[in-house]
Amino acid sequence: MHSTMSVQHGLVALVLIGCLAHPWHVEACSSRTVPKPRSSISSSMSGTALPPTQAPVTSSTTMRTTTTTTPRPNITFPTYKCPETFDAWYCLNDAHCFAVKIADLPVYSCECAIGFMGQRCEYKEIDNTYLPKRPRPMLEKASIASGAMCALVFMLFVCLAFYLRFEQRAAKKAYELEQELQQEYDDDDGQCECCRNRCCPDGQEPVILERKLPYHMRLEHALMSFAIRRSNKL
């Protein structure tokens, strides 16, 4: 009898220690019956009962404030072509010059080429070295103009040399032609047509025979005479 009581007390002590060590099994260890929750009036009227573990749902309204951001207006300015002085000398390193009018005043800017930066595109983007140099279009225009001037001066010298050579040859040929004509006139002076082989009768006037030169020789003689007179005037 005493041994059975001690065994019962030991079992009770083990059960209590187990319940204290695992509190989530206290409900299972309890010998009381858990009362079932009563159904609400609405559920009893509708005939459907809520589950015992379902918590009451509370509706809450949240106010959200939405902020709208207005985009910035896209303002564009009309661009104009720079004057010739600015277009040739203002922008550097093959940059493009353009102007923008603000309050009726032109503001000049440069559109830099790839690899350059700065107000006048005078800096490199890598090491910021200063490279002021004249734009290539200006140098190309200067070279073309100088080449055209050299060609024009050369043509003038060639034309002048040909003119002087022609004048010299014309003067020489005109002088030789004049000498030949003078010699022919001296040989035929005092002779008449009727008495080349015999003397003229008394009272007959001698007729001087004028020898006419061919047409091409007369034309050449006229040109040479004109050239001589023109050279004497100069």
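The backbone N, Cα and C atoms fix where each Cβ goes, and this holds for glycine too.
As annotated by Swiss-Prot, compositional bias 'Low complexity' applies to 56-71.
Around the Cβ of Cys97 (disulfide bond), the same chain contributes Cys82, Phe86, Asp87, Tyr90, Cys91, Tyr108, Ser109, Cys110, Glu111, each under 8 angstroms and 6 or more positions distant in sequence. Among the features that Swiss-Prot reports, disulfide bond is placed at Cys82-Cys97 (among others), with the record citing experimental evidence.
If you look up Swiss-Prot, you'll see Cys91-Cys110 (among others) marked as disulfide bond, on the strength of experimental evidence. Counting every protein chain shown, the Cβ of Cys91 (disulfide bond) has 25 other Cβ atoms within 10 Å.
Contacts of Cys112 (disulfide bond) defined by a Cβ separation under 8 A and a same-chain sequence distance of 6+ are given as Asn93, Ala95, Gly118, Cys121, in order along the sequence. Annotation source Swiss-Prot lists disulfide bond at Cys112-Cys121 (among others).
Taken from Swiss-Prot, the feature domain 'EGF-like' covers 78-122, and the record attributes it to sequence analysis. Helix first, then strand, then coil: DSSP counts for the domain 'EGF-like' (78-122) stand at 6 helix, 19 strand, 20 coil.
The N-linked glycosylation site annotation in Swiss-Prot covers Asn74.
Here Swiss-Prot flags 33-71 as region 'Disordered'.
The topological domain 'Lumenal' feature in Swiss-Prot is assigned to 29-143. The average pLDDT computed for the topological domain 'Lumenal' (29-143) is 69.
Taken from Swiss-Prot, the feature topological domain 'Cytoplasmic' applies to 165-234, supported by sequence analysis.
Annotation source Swiss-Prot lists transmembrane segment at 144-164, citing sequence analysis.
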